[in-house]
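If you look up TrEMBL, you'll see GLU62, ASN66, ASP108, MET113, SER128, GLY129, GLN152, PHE153, GLY154, VAL155, GLY156, PHE157, THR207, ARG397 marked as ATP binding site. The feature compositional bias 'Low complexity' is assigned by TrEMBL to 254-265. Here TrEMBL flags 703-723 as compositional bias 'Acidic residues'. Residues or ranges marked as region 'Disordered' in TrEMBL: 253-275, 695-735.
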Amino acid sequence: MHNSCAKFPSHVYRSFRCQAAVAEVEDAEIPAEKLEYQAEVSRLLDLIVHSLYSHKEVFLRELVSNASDALDKLRFLSVTDDSLMKDAPELEIRIKPDPDNSTITIVDTGIGMTKQDLIESLGTIAQSGTAKFINALKDNKDALSDNNLIGQFGVGFYSAFLVAEKVIVSTKSPKSDRQFVWEGEADSSSYIIREETDPEKLLPRGTSITLYLKPDDAFEYSDPIRIKELVKSYSQFISFPIHVWMEKTRTVPDTTTDTDSASSESQEEKEPKTKTEKYYEWELVNETKPIWMRNPKEVEKSEYDAFYKSTFNEYLDPSAYTHFTTEGEVEFRSLLYIPGMAPFNAEELYSANAKNIRLYVKRVFISSDFDGELLPRYLGFVKGVVDSNDLPLNVSREILQESRIVRIMKKRLVRKIFDMCQEIADREDKEAYKNFWTNFGRSIKLGCIEDSANHKRLTPLLRFFTSKHEDSLVSLKTYVENMKPDQNAIYYFAADSIKSAKSAPFLEALLKKDYEVLFLIEPIDEVAITNLQEYEGKKFVDISKEDLDLGGDDEEEEREKEKEYQLLCDWMKQILGDKVAKVQVSKRISTSPCVLVSGKFGWSANMERIMKAQTLGDDSTLDFMRGRRVLEINPDHPIIKDLNLACKDSPRSTKYQNIVNILHETAMISSGFFPENSAEYGGKVFEVLGLAMASQGDHQSANEEEEEKSADVEVVPEVEVLEPSEVQQDSDPWN
């Protein structure tokens, strides 16, 4: 069933008349020649055979890619010399797994090789990727423990020894009248080259590679179904047809008859009997043309959606896609998608093992492990394919990191992704961008932190809630357009929720001026805005930090108030000591008695809360970055006015000193900080409540006494006198 001669088409293995062929071979027969491998190749084979790798399957990708290169070279040369094509006009690759003999044979009708080509290509390193592979092993001490090393570097033909204990290469070049055979074994330091003497194995042109599989790998890699899967995975988009020898079944008439039952059957016609039989035939496994190689104008949206779902195992249509070709300095094609939904596990968005970008080189799948080299981390949610004609097949992570080609590709891919995001934002359907922002808004904010070079492209994509839009997201462009004429900055406040933000005392003066304030309610927001610094010439200003300048106030009146309350500020600072850096008159509050603001260069209350919650937080860093705190007082508040009198009349009063401490700790809470000793603060509050209740009770008693004294005449009710006979006795319940 699996004899190779009968199973390959006539244009692959041409049958010659036996006697004439044998006579011809005998006349020109050359004895087998034993040659030694070049030292580097011998070392490489030793590494492949005696090391463990988890991706042995790459051998098929490498051999099919070599076959494709041979066909490409023939097609190129045939443009000027059409005689090269006369012996086998069809350009194709055929793969024949043979489970019975534990072999797999790969045949192409490409350019073939001469004897000298065999020696230079298979016996020495020459121009293959093996030299880089060897150098990488020298430079990387941990290389032998890297299970993906073979798959990353690609070792061409030698990868066959990952699964084969013996390899036979039979090749015929149109430049030579002879066909030569190369034989090598995995554990040998030498190889044999001889001329083909079997007339049934003569090729019109091309190369046949037969792998005699190792016992441990024979079951998997001699299975036609497994080989078909590997071809579809790695080589589905090779531009030449790839045929695999597959086992099929079909239904045929059953011609056997049962003589015992034939005599007893009636004359009625019976239904014909059938049976199922197995047979073998060549199956074309790469008939799908790569969608990214087609003209975008000829591809329907449904085709893009279907490719996305099948390639990346998604069930929702993508939010957006872009299909483009880059030519000129660097040539590559790409098809990128923005998913319709974020992954359930948010960590997958920023994982190094996301595998969202599939890298192809000349339509040969290389790897999906190079996301970090092709896209920045914050765009890791984007999925798609990139097909380059300029990268080598033996591409590695080291090559990508150092490649100028990859840097140019990365820049253009990022630009196209921003164009996709902006296209969603500009749609009339606002729900589309709302959905995008819900899924990937944090990634865009992360870009503001990690990619300063693209701030101009990132800022138009940002969205925030504001003091005037608590239920809808607003872009920075809209915010700037709605700014008041006298407003000279973009104000923001960071909190843990919209409810906390809108009730914070920092907003009082700004709301009074009708200024809009951005609410940063996600942990990443404040860091992102801090890295942006400004937008369209307007600086971002944190309203919870000192030196807030709202402008438009009467400077003369402010100086008078500062002078009037200077003694109070000094007195309160003396009481609070190191708890605050200073006490000053505030310009940002109008109804609260006081507020505690952060230093200009330290953490805000919100950032301090976030850093305290870190699992691996460092207390020393917390103390350093916490910086100075400033207590600002509202000179128009009754409590502050009373304290201003008290600091002059009773500066040593314990009562007023306790009030100052309670004001400070209450301001900490209302400003988003946490009191250093919650129990102590609670005790002070309870004490004040007790005093307030006692004072209220004394005041009520005094009012009652005063009312009694003010009653000059006591009113005596008139008593009605009744006669004895008019007295009515109460009824007795027992009678």
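Using the three backbone atoms N, Cα and C, a Cβ is placed for every residue, glycine included.
Counting every protein chain shown, the number of other Cβ atoms lying within 10 Å of the Cβ of ASP108 (ATP binding site) is 31.
Counting Cβ atoms from all protein chains shown, GLY156 (ATP binding site) has 21 others lying within 10 Å of its own Cβ. When other Cβ atoms within 10 Å of the Cβ of THR207 (ATP binding site) are tallied across all protein chains shown, the result is 25.
Note on GLU62 (ATP binding site): other Cβ atoms within 10 Å of its Cβ, all shown chains, come to 24.
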